[in-house]
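Here's what TrEMBL has on this protein:
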- 1-20: signal peptide (SIGNAL)
- 69-198: domain 'Nose resistant-to-fluoxetine protein N-terminal' (DOMAIN)
- 207-231: transmembrane segment (TRANSMEM)
- 313-337: transmembrane segment (TRANSMEM)
- 357-375: transmembrane segment (TRANSMEM)
- 420-440: transmembrane segment (TRANSMEM)
- 447-467: transmembrane segment (TRANSMEM)
- 487-509: transmembrane segment (TRANSMEM)
- 521-542: transmembrane segment (TRANSMEM)
- 562-583: transmembrane segment (TRANSMEM)
- 632-651: transmembrane segment (TRANSMEM)
- 687-711: region 'Disordered' (REGION)
Amino acid sequence: MAKWSTKLLPLLLLVAAVAAQQEELSSSDYQRTLQLRQLSAKFFSHFQNITLQDLMPDNARLRIPSAQDLKCLAELKAVTEGLSSGNIWAMRMLDAWGSLPSGLLYGNYRDLGNYDECVKIDHALSSSQQLRGKYCFASLPVAKALGMSSIPYNVKIAVCFPSSCTGTHMNILINQLIQRLLNVEFSGQLVKDTSCKTAEREPLDGWAIFTIVILAILGTALVLATLYDYFLCSNQNEMPALVKVFSARVNSRALFRIVDSKTNPNVIDCLHGIRCLSLMWVVFGHDYIMAGRSPNVNTVNIFQWLQQPFTQLIVHGFFSVDSFFFLSGMLVCMIALRIIHKQRGKMNVPLMYLHRYLRLTPMLALLILVCLKLQPHLGDGPLWGILKFDNYSSCERTWFWTLLYVQNYATSEICIGHSWYLAVDMQLYILSPIFLFALYKWGKKAAAGIFLFMLLLSACLFSEMVIKKYSMNIINKSTPANSQIKIYFATHTHAAPWLVGFLFGYFLHLNRGKSFKLNRISVWLGWLLSLALLMASLFALYPFSQSNGPTLTNLGDAFYMTLTRIAWPLGLCWVVFACMHGYGGLANSFLSSPMWQPLSKLSYCAYIWHIFVTESNWGRMRTNSYFSDYDLMLRFWADFGFTVLMAYLMYNLVEAPFGSLEGLLLPSGRPRSPPIAPVEAKVAVSDSVDSAPPLEPKLPAPVEIGENGKQ
């Protein structure tokens, strides 16, 4: 899953769970804290006659006031005078403030105030001076005032100041007020400039304009080609090549074309369903991450939610990515071996790598540009740019590692968080020719060697977790901060599901065209074993998630992480095998439904852009939300629906045209049907160019290997 974000879901929910602990508090402390319910009124009343001394800390009063200090003071005086005179613009500044949230003891720790009311304040003080609103968050030490040490963070309340005031000015003034109201000494920074927003936007820089121009060129080409196709082209066979490349009509036909396994024996229908369900699982899990980080009115409920069986599907959502790795390894092996055997041991490895890079990179490069340069201009809100998965400013420093697909090892500041998956998959793909040539030459002996190699990598993962005490589990409260980078992003962690899929693909290759006759007992045993592996992977740690449950040791955690990397793809092996050979029953009917095929072809675009859509939707929040599974399901369908629309747009705008252009430029010399995504997970397993984009069958300067071990 997409990095499970730079902020891990376990870490986020653990914070909320700790906050849910109950402590005794005195009535007098609570009553004193309730004074914050009228925070804005008390602030402007207290500073009605504000002076320069109020605005400057004790240790800075000997210095000469800066122009910024004087301007802030003048505008604050204008606000207090405006309030005395009943001016509506000044009242809006007071009205936009948040207050102590209702339900503080129920986990409502943030009050967002009224963002739009604040930033839209624009009052002319003179012909040369405008007073504008600045919206910020003040982090108030309510937990300290109440003596509730179990609350790990302060209550955040929105404040509205003149835009000339800095976070330092606000911090000084609010600190004075809090000390008077709560009688609490607090030396920390209450207001940070990074939490502040105004109506002003930074101008578009050169890269932002470049991104807009690129999108405009692609959009123009799409519109013109589609109009030409629809109105001027009566014979599809005589359509110009460039029109085919950019026509949304042509690309959409390919997208919605249903391939029947009865007419093409190389089609594995159930893989479409597995891929689509895994994609939906990814988006669903990321919505829960955002919900855990967003302002909720019932944060204490998350503690009970963590102990529900359903929660295991969310906190162990990383198995959705292992499903993708399984499909990737299986199909790379099946497609490549078929081509190698057909060409008698010949395969152009450099062209294979080039093809792969050209298929993945244009979409990823565009995403980097959009997230870094355009997304800040595409919306606003109190949480816009704050409630997000990644710090996109790191792209300024690390974008090239992302485009080289080594970001999971080269840097701790990954530009696009969920691109770690592409890096791991690309690295395994680069290694695949070694395994493929070995299988072609030595057959089952090579397969045994690959199996031992997989066990060796699993042993490395186990040893690393035990020695360095790494963990990826929510119930382990002593998890090192760098566990995600060192473990979850590492290629050797996800090599096991990829290699299991690779070996399973070799098994299917050896038995292609063979019919398996199994009795009912064997089929039932197969399904029971498969479900046992899948369910054990998901729910093995459920007892440890209970508040009164046993403690998960580091050794047990290492065993779980290592064994489930193998158990999960092994369970999927039977699902695919049973569906292929008529033993799938209702599972096969569901997974092999034609409805999955178009979405399956969009899965690469959807995976790439779903974080952008999710961040944009959640970042527009103006009010607190209610955390519940039902509400998150409603949110999921909204995010997933817009993700599919975004994927369809980007498929026609970028993926399909670039895939077809590649077909014109590479040796095949003709435009290709749009690629099926994710790129590594092709479902129509045949020798044709169209159905096997990771590998090019028409390969110049082939590399030859012997067939002594050919099976």
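Including glycine, each Cβ sits where the backbone N, Cα and C put it.
Any TrEMBL annotation is an automated prediction that lacks curation.
Within the same chain, residues 309, 312-313, 316, 319, 473, 475, 552, 560, 564, 567-568, 570-575, 577-578, 583 sit at least 6 positions outside the transmembrane segment (521-542) and bring their C-beta atoms closer than 8 Å to a C-beta of that stretch. Sequence-remote contacts of a segment are chain residues at least 6 beyond its ends whose Cβ falls under 8 Å from one of its Cβ atoms, and for the transmembrane segment (357-375) they are 204-205, 207-208, 210-212, 214-215, 390, 392-393, 395-396, 399, 402-403, 405, 415-416, 419, 422, 426, 604-605, 608-609, 612, 615-616, 650, 654-655, 658-659, 662, 675, 679, 693-694. Across the domain 'Nose resistant-to-fluoxetine protein N-terminal' (69-198), DSSP assigns 57 helix, 29 strand, 44 coil.
Looking only at the domain 'Nose resistant-to-fluoxetine protein N-terminal' (69-198), the predicted model's pLDDT averages out at 87.
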